[in-house]
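Participant: For 19, 20, 21, 22, 23, 24, 136, 137, 138, 139, the entry in Swiss-Prot reads GTP binding site, with the evidence type sequence analysis. Annotated domain 'tr-type G' per Swiss-Prot: 7-189, in sequence order.
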């Protein structure tokens, strides 16, 4: 396998917005190069997680090695490193781009450039990749290749004279794409004689072999049986198995600079082989690790609690297993007076949170309660200490804090002109600060806003899609923290604060949110045998309250006529019982109530 000269290797990835046909295009490339046996071929071959196929999105990274004989008669090795297209996974995208020399920019010829495409293109340009524009879905009646070419040239500034017109579904233009990869993407640098440096761009956990690491050799050569060191963690391992991904694993003896492959070395947890880390040899280590390794920081936090307290250990195990595959998932145990024991989890964004939650419920059969997502606030205390708070119930009391700062993002929305008004209204209602508006070709507009992340985190994306009938797309990145007049809104049920319902909101919105919350909870919490007051409070001031009336048993059913004092005695007895119950009774808050809080924040 290693007799292929470096000049005949091409490493590329595919950049695209969700649903622009990236996975289908990857399928066609695998088919045309004969990489996958026609009998094994299925739609979206590389998306092999059930959830990915169902949602039609790529979540985990995949890689495949293809052999292609070009029209010039030479045989080339093409390594495709598939990238996820969603904004939450941009750290995965940046790693896989670092392992490539070129990228196919796939744009839907009927829709044009979308916000997410832009975000990934800028990442690719930062890594100095050769970008080949591909206009996909040209078989659609609504395709306008010339308009889209002009749009790519105008927005991204790429020369589109070389753009390939293709239809992955119909198999049109696939060979042209392969030819342009061979001729336009530069080969890797020939650095076989240097000390080994390889970039880890993905890893997953295999129950039998431990962690399987996907990597790209940047310098040097790696052989089976070598003792390797991971530069960020400093740990050492011996390689048991080394191979290439074609796309199924195929063992080989050695891999040299420029090649992409996998290794197994009895590594116990994915946390030991962090994505973006550098592999080097233990006896002849490289001086410097490869640049660009950062740990993905969670942006969104929420509490996960099992509905059945006995499942706590199962939940811990499930999270540990997911953590093996997903180094960006953070979790730590927490207790809540209303929900018992559970975990505080950190995610990259909302989609990431939904996927983890769905996988826990699906693959591990857990029944979960999820609290409202919150972002990380920066609180400066009176003493001048700076605290990072990811859980509203941990916020210090007002007299101890100097200021609260919240994360702000720059948000870019690309939308047809018709929906500009309604989207601007949406952004303003979410405390957005208008920054810029640019007109693109053919009646499309870019809107740029600065906005608190907390306002995007719940349902901004859904709201934007429904207001623009699905045509708008968005992309955001963090720009820093800013101080705001934020307060902690407590919800008291039966005079007890429920920590998992607490939220940090802007003072101007507090009354409105509190009012809406208590009335929603009134509808959702079932009636008990005693009266339940529900209150929303800021500090000690109650700003809204509702109460759920008690259920009453008809204690007078068996009194026909007779003395009124007899009836009064029974009613008094019932009243005393209710009073006692109220003092010691627990209110069961159903999962719907917590979910309502999620949805309500911005209604």
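Backbone N, Cα and C atoms are what each Cβ position is placed from, and that goes for glycine too.
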Participant: 10 Å Cβ neighbour count around residue 138 (GTP binding site)?
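Facilitator: I count 20 other Cβ atoms within 10 Å of it.
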Participant: For the domain 'tr-type G' (7-189), what's the mean pLDDT in this predicted model?
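Facilitator: 73, rounded to a whole number.
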Participant: 10 Å Cβ neighbour count around residue 136 (GTP binding site)?
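Facilitator: A count of 30.
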Participant: Tell me the coarse DSSP state (helix, strand, coil) of residue 138 (GTP binding site).
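Facilitator: Assignment for residue 138 (GTP binding site) reads coil.
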